[in-house]
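Straight from TrEMBL, the features:
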type	residues	note
BINDING	D:Thr50, D:Val211	pyruvate binding site
ACT_SITE	D:Tyr138	active site, proton donor/acceptor
ACT_SITE	D:Lys166	active site, schiff-base intermediate with substrate
4 protein chains.
Amino acid sequence: MSTAGKLTGVIPPVVTPLTDDRRLDIASFERVINRLITAGVNGLFVLGSTGEVAFCTDSLRAQIIEEAARIIDGRVPLLAGVIDTQTPRMLDHVAAATAAGVDAVVATAPFYAVTHAEQIRRHFEILGDRSPVPVYAYDIPVAVHTKLDPGMLVDLGRAGAIAGVKDSSGDDISFRRLCLKNRAAGEPLTLLTGHEFVVDGAYLSGAHGSVPGLSNVDPDGYVRLHRAFLAGDWTTMRQEQDRLAALMEICLSAKAVTGWGAGVGAFKTALMLQGIISTNQVPEPFDALSGDDVDAVRAILAAVGPREPLPAGRR
Amino acid sequence: MSTAGKLTGVIPPVVTPLTDDRRLDIASFERVINRLITAGVNGLFVLGSTGEVAFCTDSLRAQIIEEAARIIDGRVPLLAGVIDTQTPRMLDHVAAATAAGVDAVVATAPFYAVTHAEQIRRHFEILGDRSPVPVYAYDIPVAVHTKLDPGMLVDLGRAGAIAGVKDSSGDDISFRRLCLKNRAAGEPLTLLTGHEFVVDGAYLSGAHGSVPGLSNVDPDGYVRLHRAFLAGDWTTMRQEQDRLAALMEICLSAKAVTGWGAGVGAFKTALMLQGIISTNQVPEPFDALSGDDVDAVRAILAAVGPREPLPAGRR
Amino acid sequence: MSTAGKLTGVIPPVVTPLTDDRRLDIASFERVINRLITAGVNGLFVLGSTGEVAFCTDSLRAQIIEEAARIIDGRVPLLAGVIDTQTPRMLDHVAAATAAGVDAVVATAPFYAVTHAEQIRRHFEILGDRSPVPVYAYDIPVAVHTKLDPGMLVDLGRAGAIAGVKDSSGDDISFRRLCLKNRAAGEPLTLLTGHEFVVDGAYLSGAHGSVPGLSNVDPDGYVRLHRAFLAGDWTTMRQEQDRLAALMEICLSAKAVTGWGAGVGAFKTALMLQGIISTNQVPEPFDALSGDDVDAVRAILAAVGPREPLPAGRR
Amino acid sequence: MSTAGKLTGVIPPVVTPLTDDRRLDIASFERVINRLITAGVNGLFVLGSTGEVAFCTDSLRAQIIEEAARIIDGRVPLLAGVIDTQTPRMLDHVAAATAAGVDAVVATAPFYAVTHAEQIRRHFEILGDRSPVPVYAYDIPVAVHTKLDPGMLVDLGRAGAIAGVKDSSGDDISFRRLCLKNRAAGEPLTLLTGHEFVVDGAYLSGAHGSVPGLSNVDPDGYVRLHRAFLAGDWTTMRQEQDRLAALMEICLSAKAVTGWGAGVGAFKTALMLQGIISTNQVPEPFDALSGDDVDAVRAILAAVGPREPLPAGRR
């Protein structure tokens, strides 16, 4: 558990495979997780945005954590999202997740009720104070509609309230400033980027690792990218990143669905085409990609997807 | 229960009084509810934004509904917010609330995960299909960051998926369009405004009632306004509304707190000053108004508050 | 000129008719203006958003003011938009417009370069100080992306910097607050609404008049609405407003064009169908409405348009 | 002139030095420009956001281009912003700037009047068609409130309408996608980043050069960064960028001013402290930085500013 505060490298936000009737598909979940660990990832993050946290009922959240812990069996640290509208509800999720044995929790700023800087800081202080495991701050303005201030994050790190940041802010200027402030403060925070398209740029700015949804589909690519970073090999990094960015276009290819369903829907569709999960089902009110949208994913996957061969019958 | 589909008039979004240690203050809750019913309101809405739905844990949500049902004891219809991030989580709340006997449920568009028009429509169709009681759509872009389209709402009304709309959109043009489209469709929807400042304008546009948070503080004012509307007395309506708008400035008067805490914090502070609730405590990560901010509420309340005398010792 | 500081009633933002090759169509401009004056409007506002101020070159701006002044010939006050990105550029337009004899100028907050409250206040103080004619503040966040604060506006009115406000903010709560603060300050400001859909609601809140783009198409309707307001006849107001709101749907009917071109394009199309202007041409980079989009305007106009008969051959 | 279509390297957006009474300070302008050319920049861009384009009257715009052309005297290409609200007004600026001899023009998307994708594309097609010199598209959503689509930009490049893009979008994902699409299309566009904080990241993504406002203050730093890029020396790039990012904090240090005035105000203050310009005056409605805000710039400049010694008396 103590290592969860120093997580670096590739930490995939694990998808939540569903059966056609929208229950957890445990066999597929096992295949997804085992493949990721085999590829050499450094931790696994369940119940993130990619993991459908906003859609999962409390009982499904509990089941996901329980099954993930069972499947992982200590091979890598397990992080879980405790995302909900405001502090008291997030504290309930912290209690449930830590009772189930997760190594760290990941929390956004509060949302729904308008909450500004001073209370956002207080929110993370409360979580840090009451969580028995390290807390990672999840900066995702597209979902919560506030941006976490780099200065505040480093303050929270210095105070021991948070162990790191997952940055999905889409704001590379703010991320560079966060890296510089963190370095000046003695690196209290582990900094992870959630942006599949520009992980190399985040490393250049000072990231310690990545949490790319696309690593569900191409774990080897992001692991290679991380290893090239450790080796200081920027040429390999750029090449790998350019290919992964081209692959990430699967999330922008759907025509019949927009928003969340186009992105996670594409990850699940690619995993289905790769033979890793049984169906590309997504939760209500979304529908799985179908028809031309599946074909678009297939074409991109064939062109720039992982070098591993697709299973027979899926090409 | 069948009357809940035809709710008109004043339906206060009831505040959730807390004890200093942030448990439900049942005695205060009784005073709030009984005063509202005595004033002549037409229904009560618990677990709205004013009712702290975003902060309440599931166990607190259950307790609030249970106590409200007990206190109301059938005197007026009881509506409950089933607000959560996405459809499956809201369905859980629908099941819990209807098992506890609410007469109608109030649901927003999905949020957190980006969700566009087609899935928002599907969301309400699913809720309407599976809820045993009428569903009201709650249009509150400031919280969920999407706006409900008037044409879609009337379609959903015609299809029987929703019984009405609580409009807190801050978009009077859209509300006028909603009223006109609803009338053209034969009035399938009951239309309620949540905007304390311009209830008279909403009636002019075609509203059937109001859900003003400020009616916790001044129920008689909003009841008088509704009765003047029924009597076609626009002069009285404007005068009452102008006074209530001046009173609503309590929500814009705090200096030490911003956002949600300034608004609901002011309602609770006024209720405390009126002797209705015991403290003005609010949930974490917010703090209750204090010092100058309480004085500001007191001054506005004294100047333009309800004509009822304040209890001794609170002036 | 002194009366321009006390403008009330209906002040249409006059469209700018173009020839097919996008020069000012003076004959059509004469017909538009004369019809508006005949209908009984209380002033005319050229170079507003409806008047294509953002598209007009400086030479076209000068020509529009010159021709408008010539055609109006003192029958009603003439206001002109002096809208540009920042204060120094707006001052140039103030100089040009007042040299050409306008009775008042209309200015937005600065835009393009990010400008906050303190400098917005200073901007209006500078304009008020240096303009030889009254200045109206134009609150239009959809164009300039800042909202003018009601308290600041009343301060500026008390200080004599501005004579009034044209509110196109789409924020009826802010407008009610502006009306109440203005009244409490002794009515230093003339308050005008730009929202065609809810002019009656604005009157209820305390407006002194309206600046509806749709009054180009149906001046009699908005004049009737204003006269009903003066007579305290809310029933007539609502009925007239409901019809005008239904007519305003022309601006939401285009399928092939969106944004500015759909709104002003629809006004011009309706005027063309009414035989008032020769073509419905709009400036680059927009194209005139055509095909089904013209038919949609025609159908709405026939159903709920002005009671005056359309000219032969236009139906 | 033909080289302007292949501009790479560092192209500073030149500040516009003002006298205390806000006229162009020609002597300071000469010092700024000559120092930049001496440092080895590859072109100069006047009348950008940093160059106060939104504040400059048309006569000042003309004077700036004329003086810049005179001072540069052909040593490097001269680009000029032709930024205004909509196409017809920008075309007037294109005519004026090209008559004065600029080598390329820089244009944003239209703004003020709401303009969507199809008309934005048409806008650039018109500019490209009618401008005698190459057109660069300036992607700056913070100012114009629309984002230019990468696919559209590459289409426009392939069609010869635009020669390149200055990206100030703050969206590194979109920029990576632009780089990849441009490469796949055979590099029709020159891609420049405007983000001082992450120029190294932009190079990693595929930028050909930069347009950093901070290069007014530290031209040697950005030239070194570019030369390290050409040499493939990522270690030097990161180190230089980290220092420049720390220096860029001058734009976030002001307390008494916010928005545009804090950023460009800081550039001018640093230039004044460096002895390059005479005063740090800015246009109305802004005021120059003063007091503590000047001290904050001085402290940052002393800590991480250019290695050149400050002139005596300015430290």
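Yeah, the Cβs are placed from backbone N, Cα and C, and that goes for glycine too.
Separating the Cα atoms of the residue listed as 'active site, proton donor/acceptor' and the residue listed as 'active site, schiff-base intermediate with substrate' is a whole-number distance of 5 Å. Taking CA atoms as the reference points, D:Thr50 (pyruvate binding site) and the residue listed as 'active site, schiff-base intermediate with substrate' are 13 Å apart. For D:Lys166 (active site, schiff-base intermediate with substrate), the same-chain residues lying six or more positions away in sequence with a CB closer than 8 A to its CB are D:Phe45, D:Gly48, D:Val106, D:Tyr136, D:Ala137, D:Tyr138, D:Asp139, D:Ile140, D:Leu192, D:Thr193, D:Gly194, D:Val211. All chains included, 28 other C-beta atoms sit within 10 angstroms of the C-beta of D:Thr50 (pyruvate binding site). In this structure, D:Val211 (pyruvate binding site) belongs to neither helix nor strand by DSSP; it is coil. There are 28 other Cβ atoms within 10 Å of the Cβ belonging to D:Val211 (pyruvate binding site). A 10 Å cutoff on Cβ-Cβ distances gives the residue listed as 'active site, proton donor/acceptor' a total of 30 other Cβ atoms nearby, all chains included.
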